[in-house]
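Noted in TrEMBL for the protein shown:
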| type | residues | note |
| --- | --- | --- |
| BINDING | HIS97, HIS99 | Zn(2+) binding site |
| DOMAIN | 11-199 | domain 'Class II aldolase/adducin N-terminal' |
Amino acid sequence: MRATIPDAAIQAIIGAGRRMDRFHWVPATAGNFSVRLPGGRVAITRSGQHKGFLGPDSVMVVDLEGRPEDPALRPSAETLLHCGIYRRFPEAGAVLHGHSIANTVLSRAAGDSIALAGYELLKAFPGLPTHEASVAVPVFGNDQDIPRLQAVVDSRWDGLASIPPGYLIRGHGVYVWAPDMDAALARLEALEFMLECEMRERRS
Ligand SMILES: CSC[C@@H](O)[C@@H](O)C(=O)COP(=O)(O)O
Ligand SMILES: [Zn+2]
């Protein structure tokens with residue numbers, strides 16, 4: 001049976017896909033998005049859809065372990081990364097994943113983090129009231145085994161005093177979260193802007 005999904009969550013997900021597609025951050029069928037719903041439910045994109053052309057049927061519901069309410073539907077292949085964020089960070093209300101050129105190029109060359117410092121746009125991240133700050137954006141090795149990748153991500157958070165607003169997966173893409181979809185999009189745009197600056201600086 002098809003579970004009910006609040007229209008606001010569906011529209012937030014469809015809108016995020018259109019906006020990210022305009023920036024060319026979701027090529028082919030890349031990317032996935034989700035919104036936390038009450039009662040331990042998560043509205044998330046179905047696997048294999050072009051994220052610039054989502055419709056109401058492109059969104060489904062899983063629980064916080066990634067189990068679909070409707071077993072006939074296949075959720076994003078990376079559902080467990082979304083669930084890991086919701087389980088770990090109670091304030092997370094929306095999660096975005098995209099594949100930009102900047103996050104792909106920079107993560108391929110990076111060690112275990114990318115430092116962003118001195119950018120005015122750092123102020124778009126929580127708790128940073130000035131450009132005189134720096135953020136180490138974690139970079140994880142890519143892995144097609146998503147439960148294993150999620151375990152690695154979780155163990156990195158255990159060792160960090162302050163949690164960054166997102167992370168990169170090497171040669172793959174970015175994950176960002178925030179209390180709601182608008183805030184997640186703002187954080188993602190800020191992060192992608194700074195990564196693009198870094199990429200151009202390193203090229204010149
Ligand atoms: C087009 S390949 C990209 C996928 O492997 C994956 O990384 C991705 O972002 C989209 O997967 P999906 O299962 O549609 O959510
Ligand atoms: Zn991906």
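Each Cβ is built from the backbone N, Cα and C atoms, and glycine gets one as well.
Any TrEMBL annotation is an automated prediction that lacks curation.
Annotation: HIS97 carries the greatest number of neighbouring Cβ atoms among the binding-site residues HIS97, HIS99 [cut-off 10 Å, Cβ to Cβ]. Computed over the domain 'Class II aldolase/adducin N-terminal' (11-199), the whole-number mean pLDDT of the model equals 97. Secondary structure at HIS99 (Zn(2+) binding site), taken from DSSP and collapsed to helix, strand or coil, is coil.
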